[in-house]
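Visitor: One structure follows; several queries about it will come next.
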Amino acid sequence: MLIPKTHPRATSLYIREKLVHGFREGLVVEEGLLAHGRGEMFDYLIGEKTTKTSQKAIKAAARALLVAKLPVISVNGNFAALCAKEIVELSKITGAKIEVNLFYASEKRKKAIAQILKKNGAKEVLGIESKFAKKIPKLDSARRVVDKRGIFSADVILVPLEDGDRTIALKKFGKDVITFDLNPMSRTAQTADITIVDNVTRGMKILIDVCKKLSKKDLEKKSKFDNKKNLKKSTLIIRKNLRRMANA
Ligand code: PTJ
C-alpha cells in the first residue's frame, strides 16, 4: 500500500506497514499485531514523542548496559520486525549478546528472526540451538527456555514488549531488567528496573546515540534512577494530555 508522505499520520502508518511486512515474512505472530495496536494507543496518549522522562530512562538504560558484565538483548517477533538494524548496532556498541526468545515459540519463527538479524550484521544469535537450552525457574510460558550462554547467565537484560510473568521471573532469578513498554501501567513496566515508556522505533535510535556519547566519567557515577518515580511522571503526562484534549 502506498502511504503518501503528506499524510498527517504517515510515520505511524509506516511503522504499522513494517510490522505487517514482518508478519508476512514469518517474523511476527497474529497476536503481535494486536500488541502493536495496544502500543499505538498508548503512543497516542503520550504524544507520539520521546518525553524528557523517557530520555532519563534511556540514559539509565545506556549506563546499565555499558557497565554490565554480561548484557543480553532479548528479541521477540515484533522487536525484530521493527528494529533489526538497531538491535545489531546496540549489541555492537554495548557488547551485549543477542538472544531470540519468544512467547509464542516456534522453531521456524526463531530461525527467521535469527536470519533477519544476521542479514543486518549480527555475528551470533543465541536462543536457537537446543543443546544450550536452560530453564528460568518459576515460569510456565515458552519464554522460560533460554540460552545458557545468554539470558541464563546475564546480569542485565533488555526485554522490550515483554509479558509481565517473565519480568517477574527474571527479577526473582536475580537479573536486572530494562524494558521498552509504551504502557506505563503494565506489569512489565511496573516490575522492571528501568522502563523506557517510548516506542521502540524511536527509543532504540536514541539509546544507541546515548551509548555512543556517555563518557567514562559518566559510567563511574552511581545511578540515581528511580523507576517508580519515573513511571508516575509518564502517567502524569498521559493525564495532562487527556486534560488538554478534554478542555480544548
Ligand atoms: O514474538 P512473541 O511470540 O514473543 O510475542 C510477542 C508479543 C508482543 C505478541 C507478546 O510479547 C505479547 O503479547 O505482548 P503483550 O503482553 O501484548 O505486551 C506488549 C506490550 O508492549 C504492551 O504493553 C504494549 O503497549 C507495548 N508495545 C507494543 N508495541 C510497542 C510497545 N512498546 C514499545 N514500542 C512498541 N512499538
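Quick reminder: no glycine exception, Cβ is built from N, Cα and C everywhere.
The ATP binding site annotation in TrEMBL covers Arg16, Arg38, Asp181, Leu182, Asn183, Arg187, Thr188, Asn199, Val200.
How buried are these features, and what lies next to them?
Guide: Annotation note: Thr188 (ATP binding site) sits in a helical segment as assigned by DSSP. All chains included, 22 other C-beta atoms sit within 10 angstroms of the C-beta of Thr188 (ATP binding site).
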Visitor: Kindly assign Asp181 (ATP binding site) to one of the three DSSP-derived states: helix, strand or coil.
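Guide: In three-state terms, Asp181 (ATP binding site) counts as coil.
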Visitor: Near ligand 1, meaning Cβ under 6 Å from any of its atoms: which of the binding-site residues Arg16, Asp181, Asn183, Val200 fit that description?
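Guide: Cβ under 6 Å from ligand 1: Asp181, Asn183, Val200.
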Visitor: Which of Arg16, Asp181, Asn183, Val200 (the binding-site residues) has the most other Cβ atoms within 10 Å?
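Guide: When each Cβ's neighbours within 10 Å are tallied, Asp181 leads.
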